[in-house]
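A quick write-up on the structure given underneath.
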Amino acid sequence: MTVTSTDDPLRGVVAIGGSAAGVEALSRVAAGLPEDLPFAVLMALHLPEQGPSVLAQIIDRAGPLPAVAAENGATLEPGRIYVAVPGRHLLTRDHRIVLSNGPSESGHRPALNALFRSVAVSFGPRAIGVLLSGVLDDGVLGLAAIRARGGTTLCQSPDDALFAAMPSNALRAGVVDRTAVAADMGAVLMGLARRGSSGHAKSTDAYLELENHIAMTEPLAELDLQTLGPPSGFTCPDCNGSLLTVADGYYRCHIGHA
């Protein structure tokens, strides 16, 4: 586990995720990010696993901060945007990017829950999670992890999102500290930077550590996941294995798919 200190030039990490209409939402957020933002920014979108992506180029043109496709092992720097690539989870460890071929979550790799959990483990109270437009609920459990570690959680105002389900589900779950329209998110983040982190690092529980480890693991053979929960009676849509009940409405199979 790594948590940044107050004298670290990297004041923290902002993890931003979206799904349906996410390109539009991410572009609007990028347009409003100030040039002197003291955070590294990680952006993930539900992408097809096969084929190239031009998302990094789109984000790079959208605002003043340079945006690049994330590379495994790259050191996180303030004032830069690192964009997820197809077929890999975007994760962090020791101030560096980890691109993982770990199990898909909710049918996605990159998955938003995996990204948010990773920054929660790595940065604790200096992690900020932002959930944007999308359907279903990927990202909700990840925001809960950021909050549990003392970080800050934001979501796009549902009225501002073309697809409001993801931010609405996060609000319904009570895991959001503040909402804003996408165009104003940069100002909100700069306000958080000026205020500084008011939270203290909270210990990482075994469940969060295990979930983060699963996302980091390439590729999995078979996991002993019995500690995560009892059998659900359902089967995994990805591999047809049995699913364990991790939380209400959240399941993992013996391979690690979630």
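The backbone N, Cα and C atoms fix where each Cβ goes, and this holds for glycine too.
TrEMBL: automatically predicted annotations, no manual curation.
The domain 'CheB-type methylesterase' feature in TrEMBL is assigned to 9-196. Taken as a whole, the domain 'CheB-type methylesterase' (9-196) shows an average pLDDT of 96 in this prediction.
The active site annotation in TrEMBL covers Ser19 (among others). Applying an 8 A CB threshold to same-chain residues 6+ apart, the list for Ser19 (active site) reads Leu45, His46, Leu112, Ser133, Gly134, Val135, Leu136, Asp138, Phe163, Met166.
The number of other CB atoms found within 10 A of the CB of His46 (active site), across every protein chain shown, is 21. The active site annotation in TrEMBL covers His46 (among others).
Taking all protein chains in view, 28 other C-beta atoms sit within 10 angstroms of the C-beta of Asp138 (active site). For Asp138 (among others), the entry in TrEMBL reads active site.
DSSP assigns His46 (active site) to coil, not to a helix or a strand.
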